[in-house]
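Record features, source TrEMBL:
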type: DOMAIN; residues: 1-98; note: domain 'Cupin type-1'
type: BINDING; residues: E2; note: oxalate binding site
type: BINDING; residues: E2, H44; note: Mn(2+) binding site
Amino acid sequence: TEILIVVEGTLYVGFVTSNQDGNRLFTKVLNKGDVFVFPIGLIHFQLNVGYGNAVAIAALSSQNPGTITIANALFKANPSISPEVLTKAFQVNKTIIDYLQKQFWSDNNN
C-alpha cells in the first residue's frame, strides 16, 4: 500500500483494480495538501498536470516494497519475452512488438 501527500503542485493520480473487479480505473486530481492511497499490488500512476514543479511525499507499507516498471518488465525482460506471447497478449502484430522492444524504457518515465 502507498499513501501520497501532495506538498506542492497538481498531480493526476490513479490506479486500476484487478481483473476480478473488471479492471476499473480510479483517478483524481490532487492539489497541495491532498492525500491519496494506492491499494497494495495494483498498477498505479502519478502525473504532474500543473504549470510548475510538483512535490509529493510517498509512504509505503513495507521497508522494501520493490518496484515494477511495466514497460521495462514487458519489453526489456532478460531474456526477452517471446514476441509471439506479446502479440497475443496485446492483440497486435509483430511489427508493433518489435518496435516497442527497441524503445528505451526508463524507470524515470513512470
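Glycine residues also receive a Cβ, built from the backbone N, Cα and C atoms like all the rest.
Here the Cβ of H44 (Mn(2+) binding site) has 16 other Cβ atoms within 10 Å, regardless of which shown protein chain they belong to.
Within its own chain, E2 (oxalate binding site) has V37, F38, H44, A58, A59, L60, S61, P65 as residues 6 or more apart in sequence whose C-beta sits under 8 angstroms from its own.
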